[in-house]
Amino acid sequence: MSNTEGLVARIFRNTGYLLGGKVMAGILGFASTALAVRALGLGDYGALLLIHACAGSFAAGTRFQSWQPLLHYGNALFAQGERHAFQALLRHCFMLDGLGATVGLGLAVPCVVWFGPRLGWPPSYGGMALFYMTSILFMNANCAIGTLRLTNRFRQSAVANVALGMVRLTGALLGLCLHWGIAAFLLIWYAATFASFAVDHILAWRAIRHTPSLEGFRVVGARWLSTAEGIWRLTLSASGNQAVATLATRVGVLLIGAAIGPEAAAIYHVTWQVCDGLSQPAQLMTPALYPELIRLRDQKDWSALRRVTRRIFQALGGFSILALIVAATVGPWLFRTLLAIHRPDSLTLLLLLTTAAILDLWDVPLEPLLTSLGRAQQLFVGRVAVTLLSLPALYGLARFQGVEGAGLATLLAEGLVLATRLVPYFRLGRT
């Protein structure tokens, strides 16, 4: 039992490292945003935000979750010093990162050329936007991040976000003092993206360069595709699951806007951000939990796997109660502060979306557990099925019951997603 306690403590410690990095990056981001708005004015800052969001959307939409196959197959290979197989897997995952970035850039360039002015920035900014799309090549460092997680370097894995924030803050401060325009700020944002990418890869290389598994590593004249059984199924299922989840959130806001107007969409979006933010500390447990589950799976220590999962569920139970209390007490004030409006029924929407965020939170141990046990395809199919059912329901309930109806639809959708995880989990428990 003491081994389980130590493992759970390591999971929480690694989660703390990730949370600390996120908090620090958030503070730096808030400061750099404030400086950029004052330097550029709201109009040009909005254009900067739209151009960066466009690049980020294409990067996110074509990104492979390469860290998952690296951990899924690489843990045993790395621990046992299986040099050739591990190096092929590492090259394979780097190739996935490069492939996703190249596809993202290939889609972004014609989109900006043909539809740029319709995306919200002035036509005169088209050339700058086109150049900024090349930053997509540096927006995906999943293989490097996976390498840091594989070697239990969670403290270092939080450094890249801080580096990004520091570059932005320093550049924004210089821009404010020297009266730089949007072109200079786009270069600052580009440099910050590259700095984050470089830091991740430098730290990953330092973590494994002297290990037996990397001895004789070559880029040229070596096999770039791993022959691990099921690697493409895992990669496509995990990446598809993440892409569909992200897409469903963004499309949901658009559907609410279409059903009841942009003001209601803004109210829903900000409220969901508040509620989802309450669950972020626990959500960061997923990347800390997954490597530990993989190690227990490789050791075939099923009893420890069950004990760790139960302990995580117990911790989530306490956190869920705390999140509801915070939402009920602080939530309405935060809602009024962010939107500068007063809605007497805001508490209803807050509680609906907080409960939905909590249901999403209970997926934290289930998704990495089921993925580590080869159930990634079931997770993807469940996500797609729920999305196809929930988006029409979201539109219909928003149409007839307003933002509270949209909140109810979101709650039902998260409940269905959780059900698609609980069914295979309980089936595993009987085997």
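Even glycines carry a Cβ here, placed using N, Cα and C.
Feature annotation (TrEMBL): of 43-67, 93-117, the stretch labelled transmembrane segment is 93-117.
Scored on C-beta pairs under 8 angstroms, the neighbour of the transmembrane segment (129-150) with the top count among 93-117, 162-182, 347-366 is 93-117. At the 8 Å Cβ cutoff, the transmembrane segment (162-182) and the transmembrane segment (347-366) share fewer than 3 close pairs (sequence separation 6 or more) and do not count as touching. Counted over residue pairs separated by six or more positions, the transmembrane segment (312-335) shares at least 3 Cβ pairs under 8 angstroms with the transmembrane segment (347-366), which defines the two as touching. Tertiary proximity for the transmembrane segment (93-117) is limited to same-chain residues at least six positions away from its ends with a CB under 8 Å from its CB atoms, namely 54-55, 58-59, 61-64, 66-67, 69-70, 123, 125-126, 129-130, 133-134, 136-143, 146, 224-225, 235.
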